[in-house]
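According to TrEMBL, the protein carries these features:
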- B:Thr157: FMN phosphoryl threonine (MOD_RES)
- B:21-38: transmembrane segment (TRANSMEM)
- B:44-61: transmembrane segment (TRANSMEM)
- B:82-108: transmembrane segment (TRANSMEM)
- B:177-202: transmembrane segment (TRANSMEM)
- B:209-225: transmembrane segment (TRANSMEM)
- B:231-249: transmembrane segment (TRANSMEM)
- B:256-277: transmembrane segment (TRANSMEM)
- B:283-301: transmembrane segment (TRANSMEM)
Amino acid sequence: MKELFPKHPYRTHGGAPVPHCKNTAHAETRVMPPPAVVTLPMTQHIGAPCTPVVKKGDHVYVGTKVADSTAYVSAPIHASVSGTVKEIAKVMMPGGQMVDAVVIESDGLMERDPAIQPPAEIKTKQQLAQAARDSGLVGLGGAGFPAHAKLNVPEDKNIDTLIVNVAECEPYITSDHREALENGKNVLTGIYKIKEILGVHRVLIAIEDNKPDAIEALRKIADDPQMDPNDEVRVLPLHARYPQGAEKVLVQACTGRKVPAGGLPADVGCLVMNIASVSFFASYMKTGMPLTLKRVTVDGSAVTNPQNVIVPIGTKIAELMEFCGGYKEEPKKIIMGGPMMGVAVTSDELPILKQNNGILAFGEREAHLMEPTDCIRCGRCVAACPMHLVPTKLEKYAERKDVAMLKQLDIMTCMECGCCSYSCPANRRIVQAIRLGKFYVKKENAKK
Amino acid sequence: MNKLIVSSSPHFHAKDTTQTLMLDVIIALTPAMIASVILFGFRAAVIILTTVAACILSEYVSRRVMKRPQTVGDLSCVVTGVLLAMNLPVSISPIIAAFGGVIAIVVVKQMFGGIGQNFVNPALTARIILMNSFPAKMTAWTAPMNHSFADATTTATPLGMLAEGSADAMPSYLDMLLGNTGGCLGETCALALLIGGIYLVARRVISPVIPVTYLATAAVLSLLLGRDPLFDLLSGGLMIGAIFMATDYTTSPINFGARIVYAIGCGVLTILIRQFGSLPEGVSYSIVLMNILVPLIERAVKPRAFGKAKAGKAGAAK
């Protein structure tokens with residue numbers, strides 16, 4: 001049965017009128033020259049950390065595998081420059097945990113690994129998943145979920161819709177927007193391969209309507225009978241309301257289906273992939289070059305020249321900033337990712353990771369933290385929650401460490417989109433408390 | 001490099017604060033305040049200033065005595081002060097008015113922990129306490145547009161006339177809309193209250209759910225009981241109650257479904273008291289009663305988490 005293509009997005013609940021701040025949307029992406037040193041931490045994805053497969057003194061090329069894992073949910077890591085492994089060092093990740101990292105000193109030649117060649121033609125689902133794993137691809141939209149684990153859809157799940165996520169609802173971030181404008185044809189190639197292998201006949205390119213130029217560009221390509229001979233790929237403009245791009249919200253907006261609590265989009269016949277992931281996969285099939293480069297939006301009040309930059313993974317934030325003209329004012333807060341869900345980092349010495357799509361540096365004024373005041377029960381967090389939770393109660397019970405109540409209030413359904421904290425007139429740090437609450441729940445569950 | 005600020009996401013925040021919201025409520029009450037001064041003379045302004053001053057002072061002193069962070073700045077005490085004044089007759093003695101302010105803030109609000117913690121509406125509860133303590137003074141209605149206090153003509157409220165079956169001519173709908181009737185300072189001019197309500201909704205300070213449901217329920221029940229729905233909507237404290245009192249953040253439910261139940265309850269009680277009660281008017285009691293029920297309503301009617309199976313089966317199994 002052929003699924004119909006929706007003309008308008010389905011209704012979704014909640015969200016917040018977050019300002020868009022897409023300052024870098026109209027500037028062409030620039031390519032950053034390779035840095036002298038890259039640092040490649042062993043966790044650049046959700047799942048088990050990798051272990052280095054190179055040792056100090058080894059010579060590596062661009063694309064040489066430097067770390068891998070035997071675990072299923074994990075993805076190998078590849079050298080982004082050619083040169084010598086300087087050391088295996090401990091680095092502190094944005095979350096504060098210490099992990100091993102392969103540090104490579106560049107020889108400046110950027111020689112690609114001679115062993116690299118395009119993968120054999122992909123014909124089965126297993127080959128597709130294997131190719132995704134070999135490429136080191138993780139969800140490039142920010143979550144970093146290993147792509148092969150997503151593409152290896154269980155046999156009992158029938159996928160009828162592929163959703164390409166170009167919603168990009170986070171403020172400031174425009175890397176997917178630029179990908180759509182600069183690499184649209186590549187995206188279609190990737191889509192066609194994936195949908196052919198998975199047997200999907202409905203592909204929705206979901207994009208917020210605050211990017212009219214990208215919608216037009218993608219529509220042109222999707223309407224081209226040469227690119228889309230079966231007319232199975234359509235662009236679906238979404239309302240530009242945060243968090244349209246969050247997976248569950250996106251599935252609902254595109255298909256009207258609700259992913260069950262604790263479930264995956266595959267449970268309702270959907271597969272969601274970020275546009276950059278799809279586009280990268282297309283180039284991988286062409287060249288066989290694994291994931292070593294990443295388009296990153298550099299913006300924020302402290303940045304001299306905000307723009308999108310294609311940067312070797314493992315480059316230090318400080319060097320990326322230098323490339324963007326340095327700091328305009330003293331940075332007080334640096335965020336990996338967008339301002340709603342990104343992580344504030346402790347230093348600009350940290351490397352760019354695979355799943356980074358933005359680096360934002362803010363000055364004093366934007367970084368200023370407001371003191372929380374008492375909850376006035378206005379209910380704005382409840383109205384804003386896309387997951388129909390009661391954030392103010394979650395906050396209260398998290399503070400009391402009341403795990404039973406937290407479970408009853410479905411705390412684990414929270415995706416930490418930040419709409420509640422954003423909307424709270426009392427400046428309560430609701431998401432922070434909920435994270436703590438989730439930790440208590442996980443701890444208690446582990447005890448059993 | 002200098003130290004960076006590390007905090008939990010989100011790193012963005014809407015501009016609204018408790019203070020700006022309360023300021024918006026005060027702005028929304030301004031038409032009603034102006035109307036009260038036009039209708040009942042400058043004495044209305046004196047009453048408003050008295051209750052506001054009493055509320056601010058009570059809030060300040062309570063917080064000082066309890067050694068809690070000072071909350072005068074969030075302006076919620078000013079809102080309480082204005083709302084209390086709106087619910088008093090213009091002939092009330094300023095001392096009684098000030099006493100009401102102290103009760104509202106000290107007894108009803110701060111003793112339960114301050115903003116966000118009181119379980120009934122402070123202004124309404126203070127009004128009820130004053131009603132029971134000074135019944136005669138609290139129902140001495142002065143005719144509007146008659147500003148000579150020395151020999152002010154007394155009158156009855158439209159609801160009072162209705163209850164007593166008064167032979168006097170009932171005020172016209174236009175008079176009731178403009179507030180040219182007897183009654184409390186701020187309750188008579190429905191037009192000014194509606195303007196304030198539209199402002200609050202437009203500024204997204206309140207959601208229209210509670211006022212619309214409350215007024216609609218009252219109108220429907222009034223019709224069913226053979227009363228005059230338009231008269232009921234425009235008379236007494238229904239308009240100010242539905243727009244400004246029932247929507248009080250702290251004492252109304254926080255989720256959509258519970259708000260509907262709560263507002264229907266308010267509407268039903270209001271009309272039942274008007275029809276069957278011994279009092280001509282029941283908005284204050286209706287709202288305060290429903291305030292008390294809010295925790296129960298919220299327990300019974302809560303939002304269902306996204307993607308969660310319908311309650312009963314999945315919930316009970318765990």
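Quick reminder: no glycine exception, Cβ is built from N, Cα and C everywhere.
Keep in mind the model is a prediction, meaning the values are calculated, not measured.
For the transmembrane segment (B:231-249), the neighbouring stretch richest in Cβ pairs under 8 Å, chosen from B:21-38, B:256-277, B:283-301, is B:283-301. Long-range neighbours of the transmembrane segment (B:283-301) within the same chain, counting only residues 6 or more positions beyond its ends whose Cβ lies under 8 Å from a Cβ of the stretch, are 87, 119-121, 124-125, 127-128, 131, 236-238, 240-241, 245-246, 251-255, 257-258, 260-262, 265-267, 269-270, 273.
Among residues of the same chain six or more beyond the transmembrane segment (B:21-38), those with a C-beta under 8 A of the stretch's C-beta atoms are 44-45, 48, 74-76, 78-79, 82-83, 85-86, 90, 179, 185-186, 188-189, 191-193, 195-197, 199-200, 203, 205, 240, 244. Sequence-distant neighbours of the transmembrane segment (B:209-225) (same chain, 6+ residues past either end, Cβ-Cβ under 8 Å): 197, 232-233, 238-239, 241-243, 246-247, 252, 256, 259-260, 262-264, 266-268, 270-272, 275.
Within the same chain, residues at least six positions away from B:Thr157 (FMN phosphoryl threonine) with a Cβ under 8 Å of its Cβ are B:Trp141, B:Thr181, B:Gly182, B:Gly183, B:Ser235, B:Gly236, B:Pro280, B:Glu281.
Here the transmembrane segment (B:177-202) has Cβ contacts under 8 Å with residues 24-25, 27-36, 39-40, 44, 47-48, 83, 85-90, 141-145, 155-158, 160, 171, 208, 211, 233-237, 239-240, 243-244, 247 of the same chain, all six or more residues outside its ends. Taken residue by residue with DSSP, B:Thr157 (FMN phosphoryl threonine) is part of neither helix nor strand, so it is coil.
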